[in-house]
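Written out below as structure tokens is the structure these notes cover.
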């Protein structure tokens, strides 16, 4: 589909060998949690996923789309303690606030940066945020239930899907377009990313909904209204009295002299 799209060039897919079963078992023992079954089966087929594509601008390919799922070795814990961290250095756990509302309304309970949750990075999103595999309940023991969440650059959480399989489908259907994860946030994609969305529309059922959400945060200008001239009241010009053809051809100076002489006669009267 990408290769047949207009302007698309250099579609590359990195084939990866299946992950070793002992590598998966080692990861689970190291992090004291069990991988969800669908993600484990994915790693047993391919140790991660990487697909990129470019568009031609002035006959020069420009990288645009990127679909990435980290390998098992790069499925690192987010906010984990590091031996190089300074003793009093702030951490992600300092962002936690006990007064935050949990599970408000229809919104699911958000993950925690502290020890209450385990968070692992699935996709670095080219620096636009992070897609994470989240174990929300890690105390007293790690619950096997997992969810996929998006952490934006402002460190706010946005729920994506309940399973890895559902997220994998979202990743494919959005073609790896830049910042596509922001379509599932309250503020939508940026105006620049929306232009790419309009050119290479994602294969999703909620494209119209996404565009409406993004429009509410974009400064919209309607050219038909901005450059439309105001309705001015027409000025009615009085037509001069009809004159004989000969008088119309007379010189303007003669007409002005006649007018001045008439004015003089009226003042004398």
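Cβ coordinates come from backbone N, Cα and C, glycine included.
TrEMBL: automatically predicted annotations, no manual curation.
Note that the structure is predicted; figures quoted are calculated from it, not measured.
Here's what TrEMBL has on this protein:
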- 18-162: domain 'Knr4/Smi1-like' (DOMAIN)
- 89-112: region 'Disordered' (REGION)
- 94-104: compositional bias 'Acidic residues' (COMPBIAS)
- 228-269: region 'Disordered' (REGION)
- 228-240: compositional bias 'Basic residues' (COMPBIAS)
- 249-261: compositional bias 'Low complexity' (COMPBIAS)
Predicted model, mean pLDDT over the domain 'Knr4/Smi1-like' (18-162): 84
Using DSSP, tally how many residues of the domain 'Knr4/Smi1-like' (18-162) sit in helix, strand and coil. 30 helix, 42 strand, 73 coil
